[in-house]
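Residues or ranges marked as transmembrane segment by TrEMBL: 12-31, 43-65, 138-159, 179-199. Sequence annotations record features per position, and here TrEMBL assigns domain 'Palmitoyltransferase DHHC' to 89-216.
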Amino acid sequence: MGRQIHFVVDPQGWCCMGLIIFVWLYNTIFIPKVILFPHYEEGHISVVAILCYYFCSLFCIASLLRASVADPGKLPENPKIPITEREYWELCNKCNMMRPKRSHHCSRCGHCVRRMDHHCPWINNCVGEDNHWLFLQLCFYTQILSSYTLLLDFCHYYYFLPLKKESWDVFVFRHELALLRISAFMGLIILGGISGLFYTQLMGIFTDTTSIEKMSNCCEDASRPRKPWQQTFSEVFGTRWKILWFIPFRQRQPLRVPYHFANHV
């Protein structure tokens, strides 16, 4: 479950995702070349700063790529419904297929997704039961990488000692100010947008409510059994080991919870 490659044919999604990859490439290439490596060579920073930057960059792009190609929880055409769970399934009025409760039909993808949260053009994929954890990791590591980039941009001009061995014949040093201003602008825009999205996602997990359910007002607090936050997060990430919540290089295994409890609306 969640291991199949899911590819959405959507030009708008390709453009949005391409823009995100461009921003990631821009900062991953120019920030080390303009700031990290020159200051490391002159002894202003340690190698730990460089490794941390590449570590955040790797986890950010890994969660982005995996979230974009992971199966969000697409329902098969002829799902096998256990007899004991039939009362918790319903008929979709758009594709006329049976689906578990809390599933929703994505008009852009053209199929139903289990516990769908929303369709995100920035990953060109739905955010559903099987890739929600990757989307959360993407938001988390994007915030870390953007904050780190903005910190380096600031320290380069106001904290680090001036560089002594600048090569002004190299393109990146001749246009250093413009490159770093572009980096800071992109960092502020992305950090502001992702922070609001990440907060909304966290609140949705704490309350065990998807974005679609919030917009449709179909979930009332009185009708939903209360769960501890550890339980809701464990269900999203597929493990109770909290350290694994931060690692995108693994396979998610859904927790076995009572069906009526997990899908009650």
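Placement of Cβ uses the backbone N, Cα and C atoms for every residue, glycine included.
Whatever TrEMBL says is automated annotation, not expert-curated.
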- line: Across the domain 'Palmitoyltransferase DHHC' (89-216), DSSP yields 68 helix, 18 strand, 42 coil
- prompt: To what whole number does the mean pLDDT across the domain 'Palmitoyltransferase DHHC' (89-216) round?
  reply: 88
